[in-house]
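J.: Marked as transmembrane segment by TrEMBL: 6-27, 48-68, 80-103, 129-157, 163-182, 189-207, 237-257, 269-298, 318-344, 377-399, 405-427, 439-462 (among others).
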Amino acid sequence: MAFHVEGLVAIVVFYLAILAVGIWAAWKTKNTGSDGDRSEAIIVGGRDIGLLVGGFTMTATWVGGGYINGTAEAVYVPDYGLAWAQAPIGYSLSLVLGGLFFAKPMRSKGYVTMLDPFQQLYGKRMGGLLFIPALMGEMFWAAAIFSALGATISVIIDINVNISVIISALIATMYTLVGGLYSVAYTDVVQLFCIFLGLWISVPFAMSHPAVTDIGLTAVHKVHQAPWLGSINSLDVYTWLDNFLLLTLGGIPWQAYFQRVLSSSSATYAQVLSFLAAFGCLVMALPAVLIGAIGASTAWNETEYGVPDPMSKKEADMILPIVLQYLCPVYISFFGLGAVSAAVMSSADSSILSASSMFARNIYQLSFRQNASDREIVWVMRITVFLFGASATAMALLASSVYGLWYLSSDLVYIIIFPQLLCVLFIKGTNTYGAIAGYLFGLVLRITGGEPYLYLQPLIYYPGCYPDENNIYIQRFPFKTLAMLTSFFTNILVSYLAKYLFESGTLPPKLDFLDAVVARYSREHMDKATLVKSDNIVLNELAPVNPRHSLTLSSTFTNKEAFNYVDSSPELSNTEDN
């Protein structure tokens, strides 16, 4: 395959345009938050992200390289097909559920990151524990899509994979470094437009190639392979449901999502953004579905790709760039390459910013340096953006099973963080003891279930498990959902048990070593940290807040004026008097 100078020029022009937009956004908003809240402005964009930009950036967060490539691959793979392309519906539903149930309580309380409510209720130790799976999810996701981008560029313009990964990561890290959420949001607008335009331009050219059979025929009839609509065998129903619930419910507790929610000017806007992004995810999946169908409808021996077909060469995961390269004119394939590059960068920058935001605020500031200046926090964020970007790049270049690591970490987000988020927002009375027990039970059940991508044999063989070609046992039983439910109910049961044992006097107060139930003052509580600010809250959208046992309301929140304003509640008045 010849080296394409035109393709290299096209990708360089595209990268320079993205970098220019990111720097422009940073310059335009450089004075935002200059009154001492610059770090918060970098994390949540001054809470003034509008509907248009907000809808684009939230959609672009999910519509990444993995989303597009993965959807096309699922449709293309024989015996799976569209029936197993769960990401578009699953992620769209996760955004709908996030908007209906999670956006309003999170935004109404004026949090800055997803981990804020955990540290407010469970203390800094639990916040640190939950940071681990959240960080793993963001980092491995960024590494996986950087890796996919390098392979895509190498297929289309035949340049070194490592060089393409490094340059892509450097560009994304650079504009994230200088502008924070503003740069990420405005570049997302350009990137999403490029994804939409680039893929839709490619589809008609690929579909009209002489080697491609009518996709309407191949959808239901076997021509070159099994019909691309796919099917779900009765034995695989539970696996399908398990994966679908993981995408739908596990797609909610991500900092990248809540960063957009918390950047909205109000809780109502946060909900609307979620619904707009859900629609956007469905629309953006359509060209990827069509490209996967085209790949399944192609006689590859009649193209320059030759034989065997991509599935036989174990290149099914690259079906999208292969279709662009071999079924489209050269100049059209460059448009498609720009689309894939845009998709990757739109997700990678969000992951890097999310990881650095959580570290700078919830680990560095709230856990270790509660008196840190705003300038200090800004510099910590800049340093960690660079470090996390470099780490994701290194993993993309060195790790042989990045996708396996990402699958495992995304499972941990679903199994550990999602039930914890349910408890901290909606279950009254949970405490640190329950949270830790739920965390450990969920983790143990997930690890003992095995992971084929990492060649990890299960320790618990659930009903229906079977060995694959590598003799690694595959679970058909929905053990991930079982682990999530176990984590959820363990949190509740242990929390109420600890509460009963301490408050009934069965256990002496001195054994409350986490200061979570009966201690008069919790050393874990970060009373010097600003978790909520009055100017972040719209009073008519304020969700009711119940303080931790034995903690005064004034020590829990810093927006005292907001609660003084709501003077009709005798409970609040009595709590403050105490």
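Glycine is no exception: its Cβ is also placed from the backbone N, Cα and C atoms.
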J.: Tell me whether the transmembrane segment (237-257) sits in contact with the transmembrane segment (163-182), defined here as at least 3 Cβ pairs under 8 Å among residues 6 or more apart in sequence.
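T.: Contact between the transmembrane segment (237-257) and the transmembrane segment (163-182): absent.
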J.: Under 8 Å between C-beta atoms and at least six residues away from its ends: which parts of the chain pack against the transmembrane segment (405-427)?
T.: 66, 102, 105-106, 114, 117-118, 121-122, 130, 133-134, 136-137, 139-141, 143-144, 245-246, 249-250, 252-254, 395, 399, 434-435, 438-439, 442-443, 445-446, 451, 453-454, 480, 483-485, 487-488, 491-492, 495
J.: May I ask which of the stretches 129-157, 189-207, 318-344, 377-399 has the most CB pairs under 8 A with the transmembrane segment (163-182)?
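T.: Most Cβ pairs under 8 Å with the transmembrane segment (163-182) come from 377-399.
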J.: Under an 8 Å Cβ to Cβ limit, what residues of the same chain, 6 or more beyond the ends of the transmembrane segment (80-103), are close to it?
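T.: Contacts of the transmembrane segment (80-103) (Cβ under 8 Å, skipping residues fewer than 6 from its ends): 58, 62, 67, 70-71, 74, 226-232, 240, 243-244, 246-252, 257-258, 261, 264, 267, 270-275, 277-279, 281-282, 285, 289, 292-293, 296, 421, 425.
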J.: Thinking of Cβ pairs under 8 Å, which stretch from 129-157, 189-207, 318-344, 439-462 has the most of them with the transmembrane segment (6-27)?
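T.: The stretch with the most contacts is 318-344.
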J.: So what's near the transmembrane segment (318-344) in sequence-distant terms, Cβ-Cβ under 8 Å and 6+ beyond its ends?
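T.: For the transmembrane segment (318-344), the list is 4, 6-7, 10-11, 14-15, 18, 60, 63-65, 67-69, 72-73, 76, 145-146, 148-149, 151-153, 155-157, 168, 190-192, 194-199, 201-202, 205-206, 209, 211-212, 288, 291-292, 294-295, 298, 300, 303-305, 310.
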